[in-house]
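Colleague: Just dropping this structure here.
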Amino acid sequence: MGAASGQRGRWPLSPPLLMLSLLLLLLLPPSPAPALDPGLQPGNFSADEAGAQLFADSYNSSAEVVMFQSTAASWAHDTNITEENARLQEEAALINQEFAEVWGKKAKELYESIWQNFTDQKLRRIIGSVQTLGPANLPLTQRLQYNSLLSNMSRIYSTGKVCFPNKTATCWSLDPELTNILASSRNYAKVLFAWEGWHDAVGIPLRPLYQDFTALSNEAYRQDGFSDTGAYWRSWYESPSFEESLEHLYHQVEPLYLNLHAFVRRALHRRYGDKYINLRGPIPAHLLGDMWAQSWENIYDMVVPFPDKPNLDVTSTMVQKGWNATHMFRVAEEFFTSLGLSPMPPEFWAESMLEKPADGREVVCHASAWDFYNRKDFRIKQCTRVTMDQLSTVHHEMGHVQYYLQYKDLHVSLRRGANPGFHEAIGDVLALSVSTPAHLHKIGLLDRVANDIESDINYLLKMALEKIAFLPFGYLVDQWRWGVFSGRTPPSRYNYDWWYLRTKYQGICPPVARNETHFDAGAKFHIPSVTPYIRYFVSFVLQFQFHQALCKEAGHQGPLHQCDIYQSTKAGAKLQQVLQAGCSRPWQEVLKDLVGSDALDASALMEYFQPVSQWLQEQNQRNGEVLGWPEYQWRPPLPDNYPEGIDLETDEAKANRFVEEYDRTAKVLWNEYAEANWHYNTNITIEGSKILLQKNKEVSNHTLKYGTWAKTFDVSNFQNSTIKRIIKKVQNVDRAVLPPNELEEYNQILLDMETTYSVANVCYTNGTCLSLEPDLTNIMATSRKYEELLWVWKSWRDKVGRAILPFFPKYVDFSNKIAKLNGYSDAGDSWRSSYESDDLEQDLEKLYQELQPLYLNLHAYVRRSLHRHYGSEYINLDGPIPAHLLGNMWAQTWSNIYDLVAPFPSAPSIDATEAMIKQGWTPRRIFKEADNFFTSLGLLPVPPEFWNKSMLEKPTDGREVVCHASAWDFYNGKDFRIKQCTSVNMEELVIAHHEMGHIQYFMQYKDLPVTFREGANPGFHEAIGDVLALSVSTPKHLHSLNLLSSEGSGYEHDINFLMKMALDKIAFIPFSYLIDQWRWRVFDGSITKENYNQEWWSLRLKYQGLCPPVPRSQGDFDPGSKFHVPANVPYIRYFISFIIQFQFHEALCRAAGHTGPLYKCDIYQSKEAGKLLADAMKLGYSKQWPEAMKIITGQPNMSASAIMNYFKPLTEWLVTENRRHGETLGWPEYTWTPNTARAEGSLPESSRVNFLGMYLEPQQARVGQWVLLFLGVALLVATVGLAHRLYNIHNHHSLRRPHRGPQFGSEVELRHS
């Protein structure tokens, strides 16, 4: 809103604009007051009406000279703020005040007692004005102080800057930078920073000055007979009931404002959400598109009722058509001349400042119109921007100039509006026509005019955002100042009362805490510039009264809001009468001549907005909106990371375009990477590793590029949760954050570790070598020879763990650096973030503690069985179990020793392996059956690419491959594969269903953005296949596949089945829990590299109750013998998956209509169960995992109750059995280690056995045994006892080392780029 800073009324007694303009910046040290030219002093006049007329004429000619000089000095200063110009302005101000003093005192001396009786009304008004001295009443020292205060207040405001946090070189001025931010930015934090910065930078230093100004100003006007400055300002309206009239007007428009406020608040709530918008509270003051929330049209795009209708903001069209500031003023001038009014004089175009200078000058940018009082020089000062809003401001300012032109021949004291509101209303009246779609079409800014109710509502809402939104602000500013001047608002309550009024009338609140150190009123130009503000409230009512009358004069038919008086000379003639009167007559008379009434009335305004008023009421009633702000004390929280994150992008449309581009490019690149990775994993070669590293680099470059881009968005207030979630995920650039040389080194370390693991083998002394798959795995599963198992166990770790150890500390350093650069405390923190839970570690510990009693009972029972097989030399019934005796390289699952621990050995077998082999099952047949299970649930069959491209068996062509089972998504929506060195056995049948579960997950979410193509959390992906495997493993289902002769029944059969399942599921729980317990502590530094292995075995002892069968040292690295450690695959996912798969199973069984024990449930062919699974899988990662959990189970939490329910019969049997045998639960003799004197270091050949340290053929060994049998029994027993004792001592002091993740297929390594 442009204030007519140069417009003057009863000069020199109207402080608002001239006095301010006179005095602006930088006060210099006081100097002697310049003397008034004697020729400008008053002469001698008679003390009668005739003498008064001569007095007035003489005053007029002298005043024009003084006023021109003072206005010129102010103009020079405002358009070039320098110390010299400030000094010259000071001198002109003092001359001005001296002139006012001598002429005012003369008027009082001669006419104070008689002027009100003059017959000439104009003369009465002139003399009454001249004898009001204002600041000229003050003694010279106080006058200098008063001028200094005005100058300093103006300096503070005009030179105020807001500097970017921690970047002092980047500072924003109010115009254009801060104004543009408030108008166009939708970044909550950035707008807040601009708002807070401006209010602090300007308001705080103004506060003490304003207090002193108030005291001096009141003292000055009291000497003129007014109670305070506010009373003087109100006197211009010549109405004893002025304040009551204003209150009446406000109540007329209040219902419309309340409906507009509620509607806008709802729209802001859609944009900013509950965090920042309370639908029953005030609106944060910075969100309404304007520094002062006085007009809201800049947020029209957020609140437009019908977005599909033509855009009524023609800013872009103005820019496209090459409009500039001068053209905007020419267009405004042409409107006035089309009404028959005056064109701008040459001086206007020659001397005005229509744009912000580009030469670096400091200027006062606030738009203002200037009268130089020589009847020909009129100017506008405006830092014009090419926008529709500024086009209205241009018409507003030119309305002031037109007023100047029309009353320029009046006495200087009458050259002002009929009242101050008149002057503000004139330009706005024309702007009401200019802003109509019809007029915008006429001047080429709108292609067509839509005549329909929706377009009308759009237009009227846009106008309401400017006009109606302003009314409470226009009303309250001087309510506050009048309270300050009268003393009702003391300095101790300046800010409190300011915000009380802003909340009371506007329904807004400060967005940050404010107190009495602040002075937020001072952040508005008119406060430090001492420009009365109620004129704007009055003008916003008057302009609609004028508009209504002029439209009638122009012959307009139809709704008032569609009226355009352009080219109506009749309307122009009517308006000219108002302008030419100046303030020579009471404003009530002037108003009556134009509109037929002498009262301010809002009925014309209400008529104009009637359609949108009704529409707003209907919308608010439909939405159940609260009118007003009953929760008036509510305040919004500060944004996270404020103010550092203020420069982030918050435009959701831009974010959406980013997401679309990221998704499009990522699909292509991730497909290429997956192909290169597949090629390497299925044919390990140097050339393949080079290609993979190159693709890895390309993925990292892409990740870094788009991750860096994603970090420019502040998603905290995005209403589109999908966009928000994608960007937050993309912001984590993972390893791509490293510098290129370090990234290359890190990738090489990962490749070297995984390759070392994948190609490793162990060899007999005769050169025969064994790979992990299938050779070593088969030995660990089937051999019951202690020494052979020990040799395999130790040899694998010697070969793999020790080779990986040199890479690992550097890998840890890089992993932590990556995590920290991505905003995490360490790599463990980064891994845990995938679960989006602050309580993850506590929740996992709780789950583990719930399952521990069952594990302890299983451990004790298995230990007793192993003791029966291996004897007390190798098994201590009160100690840990040697880690190599449990049928698996890592002792993670124990099902391979089922034959040693079967509760009821005579019961029918529940292992389908023999039947599978007899029936000629192949790996392909295994996967076909798994595919059939999924399709029986109504789920998707695997596509042809799966069968054509998967590697389902270990190649026989000599290729080195990564045998570890894994499922692969190639990100093109049709190519999904499994890589598995499948053997034909029941375990592999279960594994196949696990891997196919991953494939099904891939297929279900294939149409989501690539960022969401993963499990709801990593444990979900692992659980899906295992859920089906729980059905596949049932005797009922195996019988249906003709793999068991019967479904089996009876207690013994059930306990055997549950035991076999427990050896897989329960035995695995502590192992899956401890691996990442170890890694998290490595990452956070609590486990140092010197203690890697010791702490590994401490955890394996603590949780699993296992010990190494041979001493371990710092040179060993047993965690590295587990695939997931060198492969950098987090492992806690498997612990979680083993919990939630039973929750899923229980829920799916319920959906399938199963009745009976949970462990007997088979969901095969249940479409109802399949639908639950599909609905959860289709979500991918698009929602937080509790939502997916709720779809399947009906509740959002992880729980061990389902798994405990599943194994309840076995738990009860184990407890009874262990009590019967007096088993110790746990391992109180935790320092015990097995006697391995004979076996340690043994290195068998393929056909030879170790006998007393010699490598003999089996026949020779047997002969040797008989020869030595009788001679050596006693010695042998003694030797064994001694060796046992010595090695107990030795092993007590040995170090321990870690290993990783299950080799069996329940741990797929997901290939996500």
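Note that Cβ sites are derived from N, Cα and C of the backbone, with glycine treated the same way.
OK, Swiss-Prot features for this one:
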- His1124: active site, proton donor 2 (ACT_SITE)
- Asn44: N-linked glycosylation site (CARBOHYD)
- Asn60: N-linked glycosylation site (CARBOHYD)
- Asn80: N-linked glycosylation site (CARBOHYD)
- Asn117: N-linked glycosylation site (CARBOHYD)
- Asn152: N-linked glycosylation site (CARBOHYD)
- Asn166: N-linked glycosylation site (CARBOHYD)
- Asn324: N-linked glycosylation site (CARBOHYD)
- Asn515: N-linked glycosylation site (CARBOHYD)
- Asn683: N-linked glycosylation site (CARBOHYD)
- Asn720: N-linked glycosylation site (CARBOHYD)
- Asn766: N-linked glycosylation site (CARBOHYD)
- Asn1197: N-linked glycosylation site (CARBOHYD)
- Ser1306: phosphoserine (MOD_RES)
- 1221-1262: region 'Juxtamembrane stalk' (REGION)
- 1283-1313: topological domain 'Cytoplasmic' (TOPO_DOM)
Colleague: Please report how many Å separate the Cα atom of Asn117 (N-linked glycosylation site) from that of Asn720 (N-linked glycosylation site), as a whole number.
Modeller: 73
Colleague: For Asn683 (N-linked glycosylation site) and His1124 (active site, proton donor 2), determine the Cα separation and express it in whole Å.
Modeller: 20
Colleague: Of all the glycosylation sites here, Asn117, Asn152, Asn766, which one's CB has the most other CB atoms within 10 A?
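Modeller: Per the Cβ count, the most surrounded site is Asn152.
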Colleague: If one looks at the chain holding Asn80 (N-linked glycosylation site), which residues at least 6 apart in sequence have a CB under 8 angstroms from its CB?
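Modeller: Sequence-distant Cβ neighbours: Arg361, Glu362, Val363.
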Colleague: Spatially speaking, which of the glycosylation sites Asn152, Asn324, Asn720 is closest to the residue listed as 'active site, proton donor 2'? Use C-alpha to C-alpha, please.
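Modeller: Going through Asn152, Asn324, Asn720 one by one, the closest to the residue listed as 'active site, proton donor 2' is Asn720.
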Colleague: Enumerate same-chain residues with a sequence separation of six or more from Asn324 (N-linked glycosylation site) and a Cβ-Cβ distance below 8 A; give 'none' if the list is empty.
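Modeller: In sequence order, the residues whose Cβ lies under 8 Å from that of Asn324 (N-linked glycosylation site) (at least 6 apart) are Val386.
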Colleague: By a simple count, how many Cβ atoms lie within 10 Å of the Cβ of Asn720 (N-linked glycosylation site), its own Cβ left out?
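Modeller: Cβ-Cβ neighbours of Asn720 (N-linked glycosylation site) within 10 Å number 14.
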Colleague: Where the distance is taken from Cα to Cα, which of the glycosylation sites Asn60, Asn515, Asn720, Asn766, Asn1197 turns out closest to Asn44 (N-linked glycosylation site)?
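Modeller: Closest by Cα: Asn60.
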Colleague: Would you report the average pLDDT that the model assigns to the topological domain 'Cytoplasmic' (1283-1313)?
Modeller: 29
Colleague: Give the residue from the glycosylation sites Asn515, Asn683 that has the most other Cβ atoms within 10 Å of its Cβ, counting over every protein chain displayed.
Modeller: Asn683
Colleague: Taking the Cα atoms as reference points, how far is Asn515 (N-linked glycosylation site) from Asn152 (N-linked glycosylation site) in Å?
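Modeller: Pair distance, Cα basis, whole Å: 23 Å.
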Colleague: Between Asn1197 (N-linked glycosylation site) and Asn720 (N-linked glycosylation site), how far is it from one CA atom to the other, in Å?
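Modeller: Asn1197 (N-linked glycosylation site) to Asn720 (N-linked glycosylation site), Cα-Cα distance: 25 Å.
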Colleague: Say we define neighbours as other CB atoms within 10 Å of the CB. Which of the glycosylation sites Asn60, Asn1197 has the fewest?
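Modeller: Sparsest of the glycosylation sites Asn60, Asn1197 by Cβ contacts within 10 Å: Asn1197.
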Colleague: Given the recorded positions Asn44, His1124, which one is most crowded in terms of C-beta atoms within 10 angstroms?
Modeller: His1124
Colleague: What three-state secondary structure does DSSP assign to the residue listed as 'active site, proton donor 2'?
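Modeller: DSSP call for the residue listed as 'active site, proton donor 2': coil, neither helix nor strand.
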